[in-house]
Each structure stands twice: as structure tokens, then as C-alpha cells.
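Working notes, beginning with the structure itself.
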Amino acid sequence: MDEEENHYVSQLREVYSSCDTTGTGFLDRQELTQLCLKLHLEQQLPVLLQTLLGNDHFARVNFEEFKEGFVAVLSSNAGVRPSDEDSSSLESAASSAIPPKYVNGSKWYGRRSRPELCDAATEARRVPEQQTQASLKSHLWRSASLESVESPKSDEEAESTKEAQNELFEAQGQLQTWDSEDFGSPQKSCSPSFDTPESQIRGVWEELGVGSSGHLSEQELAVVCQSVGLQGLEKEELEDLFNKLDQDGDGKVSLEEFQLGLFSHEPALLLESSTRVKPSKAWSHYQVPEESGCHTTTTSSLVSLCSSLRLFSSIDDGSGFAFPDQVLAMWTQEGIQNGREILQSLDFSVDEKVNLLELTWALDNELMTVDSAVQQAALACYHQELSYQQGQVEQLARERDKARQDLERAEKRNLEFVKEMDDCHSTLEQLTEKKIKHLEQGYRERLSLLRSEVEAERELFWEQAHRQRAALEWDVGRLQAEEAGLREKLTLALKENSRLQKEIVEVVEKLSDSERLALKLQKDLEFVLKDKLEPQSAELLAQEERFAAVLKEYELKCRDLQDRNDELQAELEGLWARLPKNRHSPSWSPDGRRRQLPGLGPAGISFLGNSAPVSIETELMMEQVKEHYQDLRTQLETKVNYYEREIAALKRNFEKERKDMEQARRREVSVLEGQKADLEELHEKSQEVIWGLQEQLQDTARGPEPEQMGLAPCCTQALCGLALRHHSHLQQIRREAEAELSGELSGLGALPARRDLTLELEEPPQGPLPRGSQRSEQLELERALKLQPCASEKRAQMCVSLALEEEELELARGKRVDGPSLEAEMQALPKDGLVAGSGQEGTRGLLPLRPGCGERPLAWLAPGDGRESEEAAGAGPRRRQAQDTEATQSPAPAPAPASHGPSERWSRMQPCGVDGDIVPKEPEPFGASAAGLEQPGARELPLLGTERDASQTQPRMWEPPLRPAASCRGQAERLQAIQEERARSWSRGTQEQASEQQARAEGALEPGCHKHSVEVARRGSLPSHLQLADPQGSWQEQLAAPEEGETKIALEREKDDMETKLLHLEDVVRALEKHVDLRENDRLEFHRLSEENTLLKNDLGRVRQELEAAESTHDAQRKEIEVLKKDKEKACSEMEVLNRQNQNYKDQLSQLNVRVLQLGQEASTHQAQNEEHRVTIQMLTQSLEEVVRSGQQQSDQIQKLRVELECLNQEHQSLQLPWSELTQTLEESQDQVQGAHLRLRQAQAQHLQEVRLVPQDRVAELHRLLSLQGEQARRRLDAQREEHEKQLKATEERVEEAEMILKNMEMLLQEKVDKLKEQFEKNTKSDLLLKELYVENAHLVRALQATEEKQRGAEKQSRLLEEKVRALNKLVSRIAPAALSV
């Protein structure tokens, strides 16, 4: 039991520790609430909190207090007390509170209930049980309460450890049930031999016929197990059970071993199963033989017993029916195997429910008539029913006894409670009676006082208010005094804070002085080094002699100082031992040696003679220089290593990226080369088609002259239509291309990978190239960019070729018609061609030499209608970008075929002329003009404008005078000069400026092109006689009439041929437009890639420059390292010389020790000040608590005043009652007056009647009497009325005074509340001030800690200096003999 209780207590402690968040072993209110919620004690939570914590919100409890309070609360809730008389009910309540853990048929496992014994055994063992229960009464109620909080985990653990014990419990209970049921012996008639467990077990063994020798074998143990319902045990389980019971290992189980194993849980008690486990042995084991004559008697007795009973109560669910499987299962438990045949023999269906009452009567009938098997089944049923009912009756009897005991205990407790409640009620009644009497007496006195002495009460109220006001004023003065004291303390704390800040400032100043002294020492050290390291010093020998003398003197002084230092150290240790421990400085060391802060001691002792002064500070500076040098060296080495690693990583990354870019560039270049080859093939095909068309045009030009006349307007009309369609289509294609290009550019602008791609394109295709090749590649790129104005060269070639073809046709036609007109026309051709070329070549590369023949090139390549001029401003940058891309893709020697095309055309034109001087023989001016006009420039615009204006202002389109070839050459030379000048400006300017100039040139030239195209279209629609000039009209009048018919036929034929050729030409133009658009897109892409390539090249150059700069810095750092190594060697040699001067440290050791003592004293003073601050803070907290208490007192006073105010209100209400009574009496008196008046009137009326009857004298007398009586009555009424009015006024004045008093009291209370609020605000302000003081104190403590840390650092440095002094002394002792010997 103790182990089980300890287990529960340990579980409770684990839950308790899980709620202990602070780890202190105590729980506050919140943590205790959380613990109760974990233990599912929501109902007991308020009682438990009140029991453990009370009304204190800051109280805490430990585990023992919680355990005691927890058990007490649970026991009080359950109605259980730790007493002798209710320990058994605790045990029964604890056993019945926990349900079984596992149910298997009729077996229940895991319950801790203890089966009750029979009444006789209980009566026999009641005395020892009471003794054992008395020994366990101290913890039974605790276990009952602790079992309620047992976790499921502990139940599962306990289940595994106590499984065997539970089985033994069930076995023990089954033994008793078997003993009572199978053999028909009721529990009340148990023999005395079965009073003990040993006798019961021995009796069972005798009944089973086993254990005759006092021991059980394995087979006999199997029989016993079958008898108690464990017939399903296998051989291995039986062997394990036998080995467990056989503790001595002799191969047998004795009675004591069996009893010990059976009652191992609690051997002092014979336990009984909490559930009814039916014995499963065969019915034949205890069946009464049929031969004996006891069968009928047994049956009759059973029938008589069961005549008023129903069978199958255990399986009856209240409906009177049961499943056949249930009946068969019950019979199989009783050992009857052929239950199905029995049911069928009794005419019951196996598939439907069985009526239990009919089955009972059938069995009852069959019990007397049917054979032995049916009788056995009936007997088994009756036996089972009787045993079940008997168990139920016994259980009810036990429950009745327990309920009776519980009722008796409850009645006892109720009696005690009733007594306590009677006492409480009596005391409460007495108190209430006393209070009521006291209140009645007080109210009576107050009523009497209010009725008689209202003025006195008012004075009393005024006096009370005055006293309260004085008390409040006194409280306010006291609080003001406390506030003044707090302010004084605050000022003191602020002063202390300022003082500490000043001390910190002084320490900082001292540190700055030490730094300045260090700088001074460094200068001295440099001076000494300069002086000492001079090899040509003349006084070196004399100085060594003086050094020897000085060393001897210093040795003597060192001995004296060391003796004195020892004496001071001894005195210091004595003083240190006398000091209290709590005032010791944390930075004190027992050896008593301290170091002075740098710069606080003397400057040192200098050497004699002419040598520079060398002090101890110089030595310190040398040490610092060495340390600084070492730090610099390590930092430099780390930086050098870091930069080397970075440079190596950069090189690796650069090589990797360069290889990737080379590969990607190779792939891109291969793709671009393939595209370029395709475009060249397409260009060659288009040139072939153009040449074929030109030849066809030349063939048609050699035909008869009338054919040319009819063909010209058709050609012009067809070409105008083609030009318009081509212009609209090309404009649409350009818009789409521009939209796609802008989208691609916006998308590609965010892709950094394009930059790598362009860089790869710029790299050479085979491995890394030297810088010379890269430079040459950049030059080539710049040259290609400079050749951007030649982007429209091929279009110019096509325009020139077409214009020349038209010109050849016109020349041939004019030659056949009229020689002079043809000559004039041929002379005008070069001029017109140049003028048109200069006016239109700059925008689209067009060169139409005659207005009538310019439609084809305009329709092909450069549409110039009004729509184009409207979009000139928006399309200018895109045309420039297309020209730039074409310039980048077209190689440098590309202009050669362009100049070759016009030369061929001029060579074809030469034989057609009349004279050799008419047509120029050199084609260079046209090539030059074409090349010059293609380049954009602002300087060319005035010339082009003047030429265009001159050509437009002429009176006629065809000039008859001849122009020599010299004028053409002059114009070509001027154009060549313009081209060179623009080339120079291009080389000087940037690419952006050139593009802007080109845009301006295009904008200036497009209106001319537009006017020209409109004029051409207008002329194409006019009749032939309006299109030609005056010479042409004169030529037409000279034609003969017979030739008109032939010319018409020939013209119709040529017209049909030209229509077919025009259709074919239109298809070719469409294909060329598609290819040109594709080529322009490719050129744009290539131009963009080339720009990105240039940017990446720039980045690459910058990265290389950075690498070169890093390499140069690396070389400089290496040089610095070498210089520092040399300096280090030099410093080592200098240190060997400076080590001789360490003797000067001995003079300053005493001063350092004194300074350390001073610092220790300052630290002790700081500690004392900190203690004072703590004391002041405690005082402030106490004063704050007093202020809070005073505030609480004032709140209590306010509550008292409120109570008095309520009393006054009640008195006012009580005064209102007499006021109402007085008003009622006044009304009654008024009614009486009215009644008197009525009576008076009646009396007067009667008197008048009597007067009439009475004589006049008598009447006069009566009048006088009546007047006298009336006056008296009036006086009395007036007096009564005045009295009533006075009373009313007095009551009204009292009420008003009471209301005034109430108002004054309310005002006073409000003033007090306001004052208390102000006081509370002041208290909060004082709290804030206290918090600020705490913060300042914390800052001061931190500053003190910092000073202490500095002091510790000074002590450490002093120790280091002492060690250095020792080492220097050793060095001096070694060096001094050598110096003296020299």
C-alpha cells in the first residue's frame, strides 16, 4: 500500500513540476489554476484556491502544502474524513470508482475492487481486519483521493505489472463462487474449517482430489486451473505459472507457495472477484447420477423454487426475448454441447428470437417428462438462474448494508452540521438582535434630536466637516513634506550622479593624459633611437663608463627601494587583514602590487651626461610598438592571403566565363554566318531578277517609237498603283516590326544573359587571343560603325539601275523620233538625275533622273506620299536603327558592287547618245553622289534644299539647253567634298550625334520626296499631250498618218506584254519585301548584339584594370612586407640596446602600489556609496508604501463618509414621513375649518329665523354675543393657522438645511476624491521618479563596474610590468658585467 501511495504521490509530483515554470518549487495562483485544470478539478478549483492561497493574490504554495490541501478538499467533497469509522467506506468508494480496463465475456480485468467475503468469514475476521485497517487508516483517504488523478499512462503501466495479480484475484473469487454454487452450499452455512484462506484452499483441493500429499504437480495444477475457469491455458503458459509458484525449485508447489502466489497482492485478506466469473468445468464433474433417487427430489425442489421465477434473467434485455446464440452460449458455458438439438426438440427456431418465458415453461415441463439430456439442460438453466439471483440478492444485501452504514455516517455528519448551523444561527440571531436594538436606539435618539435640535446637528456637521478638512489638510501637508523629502533625496541622487559623472570625466581625462604621455614617450624613444643608432658617436665610450657608474648607483638604490617595498608590503598586508571582507575591492590581489595608470606617475629618471633622456615610458612605448608591429604584420598577412585567394577565385571564374562565352559566340557566329549566306543568295537572286527586268525594258525600248508613246502612261499608272500598294503594305509591316522590336527590347533589357551572349560573340572563335587581336577587332567594329551611313547603298543601286533603264528607254524613243529633241533631252538628263538624286537620295536612297520615270523606285523602296511624311518624326529613330544594323552586317568592301551597277548602266547608255560629249563617260560622279548622299549630315541640308527649290521653280520640266559634262563633274566634286567633310565630323562626333543629324536630314528631305511622288502620280493620270513638253508636242505633229495604225497594234502588244511583266514584277517585289524585312530584323538584332558586345568588352576591360590594380596593390603589399621585415630586424637590434634601460622601472613600482591602494580605497568608497543608494532606495520604497497605505486609509475614510451620507439620506427620508403627516394634519384642519364655516352658516340661518321670532333687544344681545364668539373663533383659527404655517416653515427649513448639508457633504466628498486623485497622480509621479532613480542607480553601478574593470586592467598591466621588470633586471645583471668590462 505504501508503494502504491508513493507511486501516486510521484505522479502527482510530476504533474506539479510540469506546472512549475519558474523552477523554484512554488506555484502562484495562475500556475495552481493550470495544475487544477490538468487534474480535471474545475469544480473544486475555487475551494482549493481559497484553501491554499486565501485572499492574497501574491501568495505561493509548495508541493507539501498543495498535497495536504488537495487531499482535504477532495475528502471534504466526497464526504469522507480520515477517521476509523469511515475508512472502510473510503475503501469501497475507491474500489467502485474505477471501471474495469478490459472485459472479455464475463471476465473483467484491471479493477482494484476487492471482493467481499461471506458473512461468516467476515464476522470471524472482523477483528484482525479492523486491526489492519487501523494501521492503514492514515493513508486510505489519501489513496482514495489520489486515485482520482491517476493518469491513463499509469493505469497502463500498472496493468502490465499487475496482470498476474488480477488473474489471481479472479481465481480467488471464482474459488468462492465455485465453492458456493457448484456444491449447493450457501455462504451463510460455511463450515468453520473454511474460515481461513488456507482451510478454503485445502477444502478445494480435497474436493478436486488433488494435493493429498500437501503438494501439487504440474498436472494437478492444470486441474485446479480448469476448476477456476482457466481451462484455456496452453502448455507453455502452464509451465510458466508452475515455475512462478514453485519458489524453492523442488518441482512441486506446496500449499504455502500456492497461497503466497494466489494472495501476493495482500495476503492478509481473502479477496473476492468484483465480477461473476462462471466456472467452466464440465457438468459431468459435479452432476448428480440419474440412478440415485435424488433426481426427482432435486427437480421437484427446483420447480418449487422456480415456480415464481423466470429463467434466463442474465440474457434478458427486458423484452422477454433473446437470440438463440445467447442461450446456446450459456449452455456451452455450463458444459452442454448439443444445445441446438435441444432447442429444435423443444420446437424453437434457431434462426429467430426465443421467447424466454415459453422456453422456461418448456424446460419446466420437460424436466419431468423428457430424457436425461433435456433434464440436464433444464437443471443447468435453473442452477445458473438460481446462482445468478442468489448473487444478486447477496450483492443487494451488501449494498443495503453499505448504504445503511453510509446513511448512519451521513446522519451523524448531518447532526454535527445541524449543531454547528444551530450554533451559527443562534450567534447570528443574537448579533442581528443586538444590531437591531442598537440601530433602533440610535434611530430613536436621532429622531428625537432631529425633532428638537436641528440647529445643533447642523453645527455638529460643520464641526465634523471642519475636523475632516483639517485632517485632510494635515494629510496633504504630510504628503507634501514626504514629497519634499523625496525631492531632496532625488536631488541628492542627482548630485551623486553628477559627482560620479565628474569622476568618470576625470578618469577619462587621466586616460587622455596617459595617451599624451605615451605620445611624448614615443617621441623620446624615437629621439633615443636616432641618438643610439648612430655608429659615429664620439661619446659612446664615455657614455658606457657613465652607464657603469649609473648602474652601480641604481643597484644600490634598487636594494634600498626593495627593502622599503618589502616593509611597505608587510604593512599593506597587515592593513588588508584588518579591513572587513565586505569592503574589499574586487580587484585587489594579496601580493599588494598595483600598477599606476599610464601617465599618472613621474616621467622617469633620465641618464646623466649629454645623452638624450630615456625613461620608463619609452620602454612602454617600445613594447606597444612591438605589439602594434606584430598586429600589423598579422593583419597584413591575413589581408595578403585573402586577396590572393580572391584573385585566384576571380581568375578561375573569369577563365570559366570566357570559355563559356567563346563557345556561345562560336555557335552564334555560325548561325549568323548561315543567315548571312542565305541573305546573300537571296540578294543575288533579286539582282538577277532586276537585271533580267532591265534587259527586258531595254528590249522594249528598242521597239518602234509609237509603242513607247502608248506604253509610257500605262507604265506610269501601273507603277503608281504598285507604289501606293507597296507603300501601304510596307508601312503596315514597319509598324508591326517596330511593335515586335520594342517588345523584344523591353523583354531583353531585363535579361543579363544577353550580355554574356554578346561578350561571347565578341570573343575570338579559337581560344584566348592576345590583346593586339582584341584591339584590332575593336578597330574593325569602330570602322563598321563609321560605315553606318552606307546602310541604304543597295537600295540606291536598285533605284539608280531602274532610273537608268527608264532613261535608256526615253533616249531610244527620242532618237527614233527626232534628233534635236533627243539631244536636248539627253543633255537635260544628267542635270535632272543629279538634282533628283540630291533631293531624295538622303532619305531612302532614291535617284530618279526624270520625274516621269520615278514611280518605280519610289514604289519599291522609299514611298514618299503624305502618310510617310506624317510619320517621319516617329519612324526616324527606327530607320536610323535599321541603317545601323545594316551597316554592322554589311562588310567594308560592300560598296564596290554598288558603284559597279551604275557604271554598267552608263556604259549601256553611251552608244545611244548623239555625241560623245552629251553623256558623261565616267560613272564616278554618280557613285560618289550616291555614296555621299547616303551619309546623313546637317551641312548637306542647305545645298540639298537650294537644289530642290531650284528644280521646282523652273518654268518647265524639260530644259532644252545642253549641260556639259563639266557641270556634272563639278557637282560630283562638291558632293565628294561634302562627303569628306561629313566623314570628318562623323569621326569627331559620337554615334548618337550622327544619328540625330541623319534624323534631321531625313525630316528635311522627306517633304521633297512627297511632293515629287505626288507630282509623278498626277502626271501619270494626265493625258499624254499634257505630260510632254513643247519639244515633244512639236515632234508629235510631224508624225505621219500611215504609221499610226502600226504603232497602235505594236503598242497594244507591248501593253499586254508589259502587263504580264508588271504582274511578275509585282510578285518579285513582294518576295523581295519579305526578304528585306527579314534581313532588316536580322540586322537590328545583330546591331543590338554588337552594342551589348561593346558594353561587355568595356566591362571586361574594367575587370582587367581592376585585376591589374589588385596585382599592383599586391606587389606593393609584398614590398611593404619586405620593408616591415627589415624594420623588424632593425627593431630587434634596437630592443637589445633598449633592454639596458629597464632599471628605471624599480623607481615607479612603489608609486604604482600607492596608486593601486588609492584605487582600492576609491572602490571601497564607491561600494559604500552604492550601499547608501540602496538604503535610500529602500527608504523611498518604504515611503511609497506609506503613501499607498495613506491612500488606502483615505479611501476607507471616503467609504465611511459615503456610509454617513447614506445614513443622512435615510434620515431625510425619515423626516419626510413627519412632513407628510403634518401636511395630512393641515389638510384635516382645513377640512375642519370648512366644516366649522358650514356649521356657522347653518347657525346663522337658524339664528335669523330665531331673530325673526325673538324681539329686537334680544336680537341685539345675541348679535353681540355671536360677534364676540366669531371673533374668538377667528382668532383661534388664525392662531392655529399661524402655528401650522410656522411648523410647515420649520419643516421646510429643516428639509432645506438637510439638503444643503447633503450638498455640502457631497461637495466635500468630491473635493476629497479630487484631492485623493491628485495625491494618487503625485504618487504615480513619485513612482516614476523612483524608477528613474533606479535606472540612474543602475547606470552608476555600471559605471562603477567599468571603473572596477579598468582598475583590474591596470592591475594586470602592473603585474605584466613587474614581470617585465624582473626580466629586465635579469638582463641588466647579465649585461652590466660586460659593460663594465668594456
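Cβ coordinates come from backbone N, Cα and C, glycine included.
When secondary structure is read from DSSP and collapsed to three states, Asp250 (Ca(2+) binding site) falls in the coil class. In the shown protein chains, 10 other C-beta atoms lie within 10 A of the C-beta of Asp250 (Ca(2+) binding site). Annotated Ca(2+) binding site per Swiss-Prot: Asp246, Asp248, Asp250, Lys252, Glu257, in sequence order, evidence recorded as sequence analysis.
As annotated by Swiss-Prot, coiled coil applies to 384-424 (among others), with the evidence given as sequence analysis.
Taken from Swiss-Prot, the feature coiled coil applies to 484-579 (among others), supported by sequence analysis. Averaged across the coiled coil (484-579), pLDDT for the predicted model comes to 77.
According to Swiss-Prot, the coiled coil annotation covers 616-699 (among others), on the basis of sequence analysis.
Residues or ranges marked as coiled coil by Swiss-Prot on the basis of sequence analysis: 1046-1375 (among others).
For 41-76, the entry in Swiss-Prot reads domain 'EF-hand 2', with the evidence type sequence analysis.
As annotated by Swiss-Prot, domain 'EF-hand 3' applies to 196-231, with the evidence given as sequence analysis.
Per Swiss-Prot, the feature domain 'EF-hand 4' maps to 233-268; the stated evidence is sequence analysis.
Annotation comment: Swiss-Prot describes Ser148 as phosphoserine.
Residues annotated as region 'Disordered' in Swiss-Prot: 144-164 (among others).
According to Swiss-Prot, the feature region 'Disordered' maps to 857-969 (among others).
Summarising the annotation, Swiss-Prot assigns region 'Disordered' to 982-1006 (among others).
Under the heading motif 'D-box', Swiss-Prot lists 633-641. Residues in the motif 'D-box' (633-641) partition by DSSP class (helix H, G, I; strand E, B; coil) as 9 helix, 0 strand, 0 coil.
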DSSP state at Glu257 (Ca(2+) binding site), helix/strand/coil: helix
Sparsest Cβ surroundings (other CB atoms within 10 Å) among the binding-site residues Asp246, Asp248, Glu257: Asp248
The domain 'EF-hand 2' (41-76): DSSP-derived helix, strand, coil residue counts: 22 helix, 1 strand, 13 coil
Neighbour tally for Lys252 (Ca(2+) binding site), based on other Cβ positions within 10 Å of its Cβ: 19
Remaining residues near the recorded Ca(2+) site, that is with C-beta within 8 Å of the centroid of the site residues Asp246, Asp248, Asp250, Lys252, Glu257: His215, Leu245, Gln247, Gly249, Gly251, Val253, Ser254
